[in-house]
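Per Swiss-Prot, the features are as follows:
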DOMAIN    98-284  domain 'ATP-grasp'
BINDING   Lys136, 170-183, Arg199  ATP binding site
BINDING   Asp242, Glu254  Mn(2+) 1 binding site
BINDING   Glu254, Asn256  Mn(2+) 2 binding site
Amino acid sequence: MITIACAEGGSTIYSLKKAIEDLGEKCNILLLSSDNLLVDTDFNIKTDLIHSRCGIGDYLDRLTLFSWQVLKNLESEGHYFINPLETIYNSSDKFKTTKILSKNGLKTPKTALIRDYADAKHFLDTKNMNYPVILKNSFSKCGMKVQKANSDDELKKLSKNSIWESKLIQEYVDFKNGDTYKDMRILVIDGEVVGGYRRVSNNFITNLYVGGQIEPLNVSSELEEIALKCSECMNGYIMGIDILPKDGEYYVVEVNTAPGTKGFRSLGIDVDKRIAECLIKYKKS
């Protein structure tokens, strides 16, 4: 039995469940928003492997810290996770992600964890950086709470209460391509790049959740090497790697341990089956 843990349903959840069952394996969904769910000190489930589609993050109205507490409780009961919970946490924390990637030689935007405007200005002065700059919540998801400051006045406004929001300031990587912005999502499953696409938007936030569109991407050997290295140093079995191109260089901005599959399905790439095969492989090992 494989269990998919999620805060809420969605096309990726149900497509993945079907792919697992089509391969002859039982699959259950642990829906953490269910009215029938009771998590007391005796809470446990019967399963051979848990694939969490939850992270710890700032989703506004979604179950986040609660989800994380449930997952950690199940880990304490001896359950096995793909991806590991440590990997999920490290990828949820954008500052931790950037730290790990940069220490392993991957190109990332200059980044600092800030408490207030004074910290933000100190960072800009120390790194000799100019506007614009990006501010984001370290645990933000789906392109939410990502903002651009173009001046001191805007920075002062956007950096207010940063210490209470775990906010980052980050170098702005201008990846505009003509009249649009195009970044890249590459999917790694069990040490293999299985596909990728460009995310296209009229602004610098390209996430599909906030309206970005997709187009096919031919994953070059250089991009493949970057994606595989990201997955390896993050200890990820299933990972979406987000990359910004600029002046012939590639900046890794985020990694995602619960990448959506809808975009790949629209391009005819059956990544649900590949993820299902990965989960079944480690369930049986």
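Each residue, glycine too, has its Cβ placed from N, Cα and C.
For Val173 (ATP binding site) paired with Asn256 (Mn(2+) 2 binding site), the C-alpha to C-alpha distance reads 19 Å. For Glu171 (ATP binding site), the same-chain residues 6+ apart in sequence whose C-beta sits under 8 angstroms from its C-beta are Pro109, Lys110, Thr111, Lys127, Met129, Val133, Ile134. In this structure, the C-alpha atom of Tyr181 (ATP binding site) lies 17 angstrom from that of Glu254 (Mn(2+) 1 binding site). Recorded residues Asp242 (Mn(2+) 1 binding site) and Asn177 (ATP binding site) have their alpha carbons 16 Å apart, per Cα-Cα distance. Less than 8 angstroms from the CB of Phe175 (ATP binding site) sit Tyr181, Lys182, Asp183, Phe204, Leu244, Pro245, Lys246, each of them six or more residues away in the same chain. Note on proximity: among Lys136, Asn177, Asp179, the binding-site residues of the record, the Cα nearest Asn256 (Mn(2+) 2 binding site) is that of Lys136. The CA atom of Glu254 (Mn(2+) 1 binding site) is located 24 Å away from the CA atom of Asp179 (ATP binding site). For Glu254 (Mn(2+) 1 binding site), the Cβ neighbour count at a 10 Å cut-off comes to 23, with all displayed protein chains included.
Just so you know, the Cβ of Lys136 (ATP binding site) picks up 25 other Cβ atoms within 10 Å once every protein chain is counted.
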